[in-house]
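Step one of this worksheet: look at the structure below.
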Amino acid sequence: MESQLKNSSSSSLKIGESHSASASTSSLNVDLTQQTYLGAEVSTQERCIKDVKPPESRRPTDDEFFSSSDRTKPNVTFLKDHFFNEGRLTESQALYIIKTATEILKNEPNVLELDIPLTVCGDIHGQYYDLMKIFENGVGGDPSETRYLFLGDYVDRGYFSIECVLYIWSLKICFPNSIFLLRGNHECRHLTEYFTFKLECMHKYSTEVYDACIESFCALPLAAIMNGQFLCIHGGLSPDLETLDDLRNLNRFREPPTKGLMCDILWSDPIETFGQETNTEETFIHNYTRGCSYFYTYRAACKFLERNNLLSIIRAHEAQVAGYRCYRKTLTTGFPAVMTVFSAPNYLDAYNNKAAVFKYDGGFMNIRQFNHSPHPYWLPEFMDVFTWSLPFLGLKITEMLVAVLNCCTKEELESSDGTETEEVVVTESPVCTSVDLTERKHVIINKIRVIGRMSRVFQLLREESERVSELKSLSGSPKLPYGTLASGAEGIRNAITSFEEARKSDIENERLPPTPRLSSMEIESMDDEETASIPSQSSDTHGPITPTDTERRRQSALASIDALTASIPLSSKLEESPSSTSTSSPSPPPSIKVNVNIRTPLSDPLQRSPRTPPGIRRRDMSDAISMLEEIIENVDDETPV
């Protein structure tokens, strides 16, 4: 009996312990999957905005990656949708696309001879979702049924550059005889390191993928002749370009130099007064906007076309408010001497420009315009959420400091301005004197005032952080234009309102970036070809030379200082209509007609955000300061810069 009681009590004790443990567990069992947000119950395991699909996080298998009909070619239909959903490839798959396309490009000549029909596209600049608009039937057409020529600048400035490269290079592999690619000035190591492409490759893939892209860029052809009538090129003409054989004999498998023929065809521009020059004898003028190469005049273009029996020059390289621009017509043919096409709509999410492509079939030059497409949101320079939220954190920290130090009343803060004097009765207190208390009071008051000002600054930055980031990016400087922040939200919102203002704000980023200086040992270790491709360290221009080296160095220092201190112009005259030509010029020949077709954006099933802060890779202030120090030091030492 006693043993049974013991067993019974022991059993009841265990049951009690179990019940107590169960009660304790149930009291800690909090449902974290449901939260109250704005008075409504929301699930933390679901997306708040269900219409926006989450980014694709799964890497494709080789069965998905390769085409079912040809296992040596990528499945471009799958890749189009995969990249559209922000998916990424495995590193081996990305390298396969880049290296396979590179081998095809290496076997092509410097100057392509292309038949018609042909669709010519301008700059893309990493705007993948706008690239997809080009391939719609109402704009360019299906790439499997349409022949395309791209004029370069596939990367930088936009946040989907690697997707543009991988998809266009995949099209080149699948359709090598109908997809043709030329090189732009951004397809080089110097600019991609300075702007966003290298950073994007490091963020999404690896250094090996970036290096493979740079090698592939060096294999891109430099120009194309369309139907024996049009020279298609990225930038334009050069004083070293007499005939097309000069292009055919050029060594393109290298990093572009900062002067010479290869530099000019990638960087030169038609002069703004093209066809209306005051000095009609001039042909080439130093390009002060780019910091290298030249502006070419109407006379230079006409002489080149007559010398090579061509009709016109089709080029890219410059943003246009309508997506294209037709310059003055030649007197001999009545056709525009130069035509610019730009295929990146709403460039940098700030220009509010249209984009265009040229479709030429021999009798008609159709100009298809289209607007920008919504695209996913990326924080500036691929920064993480914590870094982006620093203004908010700074605001909260200053509020905490104000609360800790707020030991004075509002009346004390307002009455004590630091200039009043008070009669102090000195006592022999061993702990603290009245003077010490007064000084401590003023110190605390000053601290509260300073932190209060900091709190206001952080509050403005938090409220307008996206517009501040956008304006700083466009200004090409870590600092905002003077007085912009003080003008509040409305001033920031109205700082950039038109295409011309956006272009003028971004003009500094159109220049050739400063070149990192190489040591003599690094230069001696290179072969002759690599040395020839090194950008000149003596100057970033090759325009007219000043009488003395000292004077040239002074002018460089003054120009650099002006560039650092210049503010953004917020007003400008509107650009002339892109299709405007001289009234005295003859009409186009009847054999070629120009049609313009405006394409409006289609609805997006993903309902993506239509506007993203550009977060352009800005110029580093430390580089500019170091450059000025070197210039001043060299002027003092009377040594070449």
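Any Cβ shown, glycine's included, is placed from N, Cα and C.
In TrEMBL, annotation is done automatically, which means it is predicted and not curated.
Look at TrEMBL and you will find 1-27 (among others) tagged as compositional bias 'Low complexity'.
TrEMBL lists 48-62 (among others) with the feature compositional bias 'Basic and acidic residues'. Within its own chain, the compositional bias 'Basic and acidic residues' (48-62) is flanked in space by residues 37, 42, 78, 82, 85-90, 93, 376, 606-608, which lie at least six positions past its ends and keep a Cβ under 8 Å from the stretch.
Here TrEMBL flags 501-511 (among others) as compositional bias 'Basic and acidic residues'.
Per TrEMBL, compositional bias 'Low complexity' is recorded for 569-585 (among others).
The feature domain 'Serine/threonine specific protein phosphatases' is assigned by TrEMBL to 182-187. A Cβ distance under 8 Å defines the sequence-distant neighbours of the domain 'Serine/threonine specific protein phosphatases' (182-187), meaning residues of its chain 6+ beyond its ends; these are 112, 123, 125, 149-156, 195, 197, 217, 220-224, 232-235, 252, 256, 266-267, 316-317.
Annotation source TrEMBL lists region 'Disordered' at 1-28 (among others).
Feature annotation from TrEMBL assigns region 'Disordered' to 48-68 (among others).
Among the features that TrEMBL reports, region 'Disordered' is placed at 501-557 (among others).
Under the heading region 'Disordered', TrEMBL lists 569-623 (among others).
Note on the region 'Disordered' (48-68): DSSP counts are 4 helix, 1 strand, 16 coil.
Residue counts for the compositional bias 'Basic and acidic residues' (501-511) under DSSP (helix as H, G, I; strand as E, B; rest coil) come to 9 helix, 0 strand, 2 coil. Across the domain 'Serine/threonine specific protein phosphatases' (182-187), DSSP helix (H, G, I), strand (E, B) and coil residues number 0 helix, 0 strand, 6 coil.
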